[in-house]
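Here is the structure we will look at.
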């Protein structure tokens, strides 16, 4: 069939559809005149007539246009879903998946990808195989393939929350932060108590532009980990002239109880004492003036803005911020929550 004939056939099908719509009452009375004008324009533009018997024989379809479209849509939907595997293939697929899980535990990620691919070849209808391969792809930094596999898992089972976690992780890793947020939010709708996804969602939101970040109610202590909170604070603090990793410190003193209970901060303090960093910090003139102002030299609060303008103090603060925000910012190089995202890897 030539291109010109195909175009005429398509135009004639549309004319028939519009004519049938006028006759069966699906077009409102007020809109009929506009449809009639449109039909005339289509007929003139393509050189066909809906009332011509000759055109009907030459370009008419075997079924009405609407019916054909419904049948095509139904067929496409059926073809998109994997066929049911035989009992033998399912058994072989499950064995391949178990082998893939063992290889993941050994950090043999290419081998795991191969094993999961074998499982998918035997039984492509199991979303777990697609989701596990997505996790393996993320481990070798092939995040686009991970996105594709995670979406395939969700196409098979839209209620598979773990696949949303894998999808969010992969999207975050390629810089698609808004889509990552949406994936984590959908996952949490299905699994509201998943701490990993809560932390990952917080980290993904911290990467969004300020105008697109949704306002959130005060989070409970078990809803956001200290790492994700620190990661978000690092960006906000730096933007406001505060101390990276210490949200709100630029405007006043931090919550000392929270700081002292943070394992990362305590580990940094121990390192400072061991390598002489604490002695250097305490000998800094700005730190001495701050301690004097807090310890009796007037009783006032220190000028945090001036303190953070001191290069040495800012370097110290950034070191602290990196230690506290490593779970979010550090993981960003591998996709944000890179390690924890796959802590529940095997299904």
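Using the three backbone atoms N, Cα and C, a Cβ is placed for every residue, glycine included.
Predicted automatically and left uncurated, TrEMBL annotations should be read as such.
Copied from TrEMBL, the annotated features are:
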- 7-70: domain 'SGTA homodimerisation' (DOMAIN)
- 79-99: region 'Disordered' (REGION)
- 81-92: compositional bias 'Basic and acidic residues' (COMPBIAS)
- 93-126: repeat 'TPR' (REPEAT)
- 127-160: repeat 'TPR' (REPEAT)
- 161-194: repeat 'TPR' (REPEAT)
- 198-237: region 'Disordered' (REGION)
- 209-229: compositional bias 'Low complexity' (COMPBIAS)
- 320-347: region 'Disordered' (REGION)
- 323-339: compositional bias 'Gly residues' (COMPBIAS)
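Shown for the repeat 'TPR' (161-194): DSSP residue counts in helix, strand and coil, namely 27 helix, 0 strand, 7 coil. Within the domain 'SGTA homodimerisation' (7-70), the DSSP-based counts of helix, strand and coil residues read 48 helix, 0 strand, 16 coil. Taking H, G and I as helix, E and B as strand and the rest as coil, DSSP gives the compositional bias 'Basic and acidic residues' (81-92) the counts 6 helix, 0 strand, 6 coil.
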